[in-house]
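Please read the structure below before turning to the comments.
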Amino acid sequence: MARKTPVRGQMAVLHPMRIRADALPLADRMFNLWTLTALMLAFAAVLIAPAFAQDAAPEKPGVISILLEWTPTLAKGFGFNVLISILSMAIGTAMGVVLGVLQVSPLRPVRSIAWLVTQFFRNSPWLVLLFYCILLIPFQIEVFGTTIPFPGWIKAVLGLSLPVMAYMSEYMRGAILSIPTGQWESAESLGFSRRQIMTDVILPQTVKRVLPSWMNLYAVLTMATPLVSIIGVNDVMALTRAALSAEGRVDLLIPMYLYILSWFFIYCYPISAVTRLLERKYSVKL
Amino acid sequence: MTWTPDQPIVSLRDVHKSFGTVEVLRGITLDVMKGEVICIIGPSGSGKSTLIRCINALNDIQSGSITVEGLEVNDPKLDKLSLRKKVGMVFQQYNLFPHKTVLQNVMMAPIKVLRQNRAEVEARARKLIAKVRLEGKEDAYPGELSGGQQQRVAIARSLAMNPDVMLFDEVTAALDPETVKEVLTTIKDLAADGMTCILVTHEMGFAREIADCVYFTDRGVIVESGPPATFFDNAQDPRTQQFLSQIL
């Protein structure tokens, strides 16, 4: 550290305060060898420990072989969770962007209603919203003689998209208001209409600002998808319960739920890691 | 009312403007003829910026009248677009669109607002970029340019709408002394081409050189005005004299 060596006659210099600690590169943070290894060892230990216990009763198959046996079924369920999360996110984002734009409408009634809708859904428990959607939406809708069925999982998608919409609406409102007013003024003086300013100037600039929060929201949503098992959708959670009751073994409970937890972790952790990376990248420059 | 070129292109009559209880403009009257260059100077907070923002209807006024080519700016029924086609404005903070390249910044308004042919607009945009001496920067993003370069892009972007009047709101105030010159040269070129320019500026040397008429505002009124030679060397009002003695 050359800087620390005192030099004769050197004056004390007040270095500018470091506002933020230097961030580690993404790879170091995400795939830190030690944390990951420790995590994997912990998982392995929990999974294997009961398996050793089973040796006392050799006629029963081991825990690991049972997990592997159920893996294709559970994977289908997990795929369903992912599908539900993606659809809810898409619908919720689309509605949320519109609602967020309405929240900054120059028309007071529009602004107030958009605000009310946002606050209502943002402050409702997700599970209650899910139940509400299940009860509110009919099993099927008849349009011009054709029957359009509404299976439970579609209702679940709609139910989960409501809180996504509300959060997205708030993110959008914040991002729109964070764009300097000079952007509005210069676009206005070039003759753009309000709608054009919004779509051509303001909204494209909000993408960067909203992206980290949006991805974080997606991770949270994915972790909330097992809620749909409560309303009778055959997601990974429902299938896990079914598998457990089919096996009828108490010693399977903890390993199997841990197994599912690790799936969610492996799916969601990279998303939150990339989110942190984006947050750092975009927080530097305005 | 139809406007003819022998009438003032911009005309303000007894304009009053308040923000809440603060009266910013207290009876401004001034006329600008086509092709004229006028500079508005004065201490900060004297209403200079508000004055030119009112001309562009970015701020509304409480009483009085502002006309641009016969269009009553403060008329609630006014089609703002017809006004904005005539008046271009350049801001202190450039306000370029950061997500668009230089070329896209210049092309955007003519295509989206005037719905002009893309190829024609592009040819014109490239000429304008060359005119503000930024050839080769067409595909750069504003963030990659210096302040002076950004400000020249902002000027080109405004010119792309073919305005009849250009408003400059302290366009060099955020620039360092070296880059001020390149922006001023661009404005000088414009003025030489016959563009009607209204400038709010702190560059006295520039005002003296370029202006046909200099207006000094203080506390919301025009204290004194005149051609630069008489204004700068022979100011009558004590407030003008005091202001000039402080900055010259």
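For all residues, glycine too, the Cβ spot is worked out from N, Cα and C.
Worth saying up front: this structure is predicted, and the values here are computed from it rather than measured.
Summarising the annotation, TrEMBL assigns transmembrane segment to A:77-102 (among others).
The annotation domain 'ABC transmembrane type-1' is assigned in TrEMBL to A:78-275.
For the transmembrane segment (A:123-141), same-chain residues at least 6 beyond its ends with a Cβ under 8 Å from one of its own Cβ atoms are 147-150, 152, 155-156, 158-160, 162-163, 224, 227-228, 230-231. What TrEMBL records for A:123-141 (among others) is transmembrane segment.
Taken from TrEMBL, the feature transmembrane segment covers A:153-169 (among others). With a threshold of 8 Å between CB atoms, the same-chain residues lying at least 6 positions outside the transmembrane segment (A:153-169) that come near it are 80, 84-85, 87-89, 91-93, 95-97, 99-100, 103, 114, 117-122, 124, 126, 129-134, 137, 210, 213-214, 217, 221, 224-225, 227-228, 231, 233.
Sequence annotations record features per position, and here TrEMBL assigns transmembrane segment to A:217-237 (among others).
Long-range contacts of the transmembrane segment (A:257-278) within the same chain: residues 26, 29-30, 43, 46-47, 67, 74, 78, 82, 211-212, 215-216, 218-219, 222-223, 236-237, 240, each at least 6 residues beyond the stretch ends and with a Cβ under 8 Å from a Cβ of the stretch. The transmembrane segment feature in TrEMBL is assigned to A:257-278 (among others).
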